[in-house]
Amino acid sequence: MMGRRGSSWCRWWVALLVLAVAADAVGCTSVSYDDRSLVIDGQRRIILSGSIHYPRSTPEMWPDLIKKAKEGGLDAIETYIFWNGHEPHRRQYNFEGNYDVVRFFKEIQNAGMYAILRIGPYICGEWNYGGLPAWLRDIPGMQFRLHNEPFENEMETFTTLIVNKMKDSKMFAEQGGPIILAQIENEYGNIMGKLNNNQSASEYIHWCADMANKQNVGVPWIMCQQDDDVPHNVVNTCNGFYCHDWFPNRTGIPKIWTENWTGWFKAWDKPDFHRSAEDIAFAVAMFFQKRGSLQNYYMYHGGTNFGRTSGGPYITTSYDYDAPLDEYGNLRQPKYGHLKELHSVLKSMEKTLVHGEYFDTNYGDNITVTKYTLDSSSACFINNRFDDKDVNVTLDGATHLLPAWSVSILPDCKTVAFNSAKIKTQTSVMVKKPNTAEQEQESLKWSWMPENLSPFMTDEKGNFRKNELLEQIVTSTDQSDYLWYRTSLNHKGEGSYKLYVNTTGHELYAFVNGKLIGKNHSADGDFVFQLESPVKLHDGKNYISLLSATVGLKNYGPSFEKMPTGIVGGPVKLIDSNGTAIDLSNSSWSYKAGLASEYRQIHLDKPGYKWNGNNGTIPINRPFTWYKATFEAPSGEDAVVVDLLGLNKGVAWVNGNNLGRYWPSYTAAEMAGCHRCDYRGAFQAEGDGTRCLTGCGEPSQRYYHVPRSFLAAGEPNTLLLFEEAGGDPSGVALRTVVPGAVCTSGEAGDAVTLSCGGGHAVSSVDVASFGVGRGRCGGYEGGCESKAAYEAFTAACVGKESCTVEITGAFAGAGCLSGVLTVQATC
């Protein structure tokens, strides 16, 4: 009897356990690969992905960004993991706010998308110090990204922390989560041969792969830009503007493009880079023509370098990147829509592309036809790599005209469904509109307060003293942009000198006996510069205070962490009229990081702190000054920016949230690419090949993003500015980002769409002409006007958010030679 009960109970328990295991397995996804593609749940898949970096937006923005990515035809979201954001101090972690990475991945999962986890933990990304914490420099024996125990111990500790967080939240595919790939290290192959220690570099990269695989994440590990000395247990991948001619280092693994650069980052002294929708589509189409399987746009949404996160040095606060979604999350048209059309066509051919046999036929040096066949179906690509001429290509008896630098895709090898150079999507021009809050005054009313510099005008009360000029990052652990170097000397009688300081900057302010006597900053990418200023010493003790400031730390290159910053080594000299120098380099220097108001956290407006502001005449061009104003949040849901034109350089906060560094006084350089734009030919971000640049000769960044979640509706919001270099706040204003003009074009038989989006309606149709030859969207001129087209679009579109009109032969005007109709409307 007891035996039967025991046996029955055992069978019941086993059955319950089986059910529990089965229930736990529901939704679990297997991920493997072969030479054609990733294999997800036993099915070969083409994956279209886009990079969205969670710290470069806010949690409130994430669902909308991810939704738009999915609606744009993407399957996956790719992101780096930002080590120095998550571990700003050793073993002190931050996973809150826009660093809540688990929440970000859950948003991806909720949208029904896959995710690609790029741990690094070195990431480059134009992020401060490439994502590596500055405190690593404090650890004895530390060598970044080489085979040494101090670095590898810290790297493994952080990697394991991130992996365990993802496992605990069931984020990996085998747990039912969205993560289908994980990356270790980043672009190591670009620097591996430049480290002067090939053995250590090789041992390190193989250690990385072994360490990663021991994490048992259940999905493949990848390494990007690792074409040589590739560990056997990772998949190497490509980064670049074009990856069609690249193939992995061995057979049996798929062709993956982890970074297709949709534009380029911006530096304070450079104009805005624009990569055309035609060229990106051309690159993507060629990649899949030549056996590509997974392609990721870097970036799909660039976002904002809030706080002190921008790298470089000299990377701007905006990380817009000319991505399909702009810095604020708006659709960048026609780039977003043109790529969406491409994605739809590629997905319609997925089975044929990943299973079919393929045949390449060359029609000369720059023309290739690729045919994929599977059973009775076929799909074809025709590419024309000539950048200066259109060509006719005959395929299966039919002739197809290909514009220069384009790819045509024929899902049935008969009819062209997509050509990379022929854009059907509208163009949208976004504008900055004045604040429309009901109670908002015409201009902001300011109070101001000087930064308290007096504690730093002597060489007393420092953190420590040293008889040498030290490197800034090591000394400050990058806890502030600012580091004070202070010393004193006794002088007999009065004397006139020239103060000479050699520094690796990035900025320098010099004070003698409490007075600002000179300032300078590095220019043209050369971060070694000199400050020379006349100075008078008085009889007795004289104080010299030098304030060195950084503008983002270097994030890329071999041994980039060894690039010195600050007045390291100097020399610092006082030179008299005869050329005789007093060398102060080995004097007793007192060091202190940061400014007084940083220590008091004035930006947080804490209850115990009283703002001792002056409400009288507002000083302008006064360095080291705080300005404060309140404003009503702009009405509606449009993105908000603050226009800081008139200011020089500093930092801005809204309601205690750091918007980032500002520097609108820095003018973008004039470059040859500012005056020409042609999608044809290989895109370059450097050298003679640059083109399609805008903003030359203008403020490098005038507008700064204020996310809606930073604002309080219906109550006063606080804007706080720290003006470091001296500017004029009188023109500062809040604005909203709205569609200004929308434009489209087409020929007879085409159905074209105009959409303002975001709840905005078309207010007028301004142009409806054939053969428009001058201007850009928002400023088109000329052409042969069509009254019939104007009336049709006015009737269909005005007062509506979106409208679609078919172009008919009835629109053609008498004597109009062109068959292409251009329509421009105002939102």
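Numbers run from 1 along the shown chain.
Note: Cβ is positioned from N, Cα and C throughout, glycine not excepted.
Just so it is clear, the model here is predicted, and its values are computed rather than measured.
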*asked:* Annotation N-linked glycosylation site per Swiss-Prot: which of the candidates ASN452, ASN586 has it?
replied: ASN586
*When the pLDDT values for the domain 'SUEL-type lectin' (746-827) are averaged, what is the result?*
92
*So among the active-site residues GLU187, GLU259, who's got the most Cβ atoms within 10 Å?*
GLU259
*asked:* Please count the residues of the domain 'SUEL-type lectin' (746-827) that DSSP assigns to helix (H, G, I), strand (E, B) and coil.
replied: 14 helix, 30 strand, 38 coil
*Identify, in sequence order, the residues in the chain of ASN249 (N-linked glycosylation site) that are 6 or more apart from it along the sequence and have a CB within less than 8 Å of its CB; answer 'none' if there are none.*
ASP227, ASP228, VAL230, ASN236
*What same-chain residues, at least 6 away in sequence, bring their CB to under 8 Å of the CB of ASN392 (N-linked glycosylation site)?*
THR399, HIS400, LEU401, LEU402
*Hey, how far is GLU187 (active site, proton donor) from ASN260 (N-linked glycosylation site), Cα to Cα, in Å?*
14
*asked:* I need the least crowded one of these glycosylation sites (ASN198, ASN260, ASN502, ASN520), counting other C-beta atoms within 10 angstroms of each C-beta.
replied: ASN198
*Where does ASN502 (N-linked glycosylation site) sit in the DSSP three-state scheme?*
strand
_glycosylation sites: ASN366, ASN578, ASN586, ASN615 - member with fewest neighbouring CB atoms within 10 Å_ = ASN578
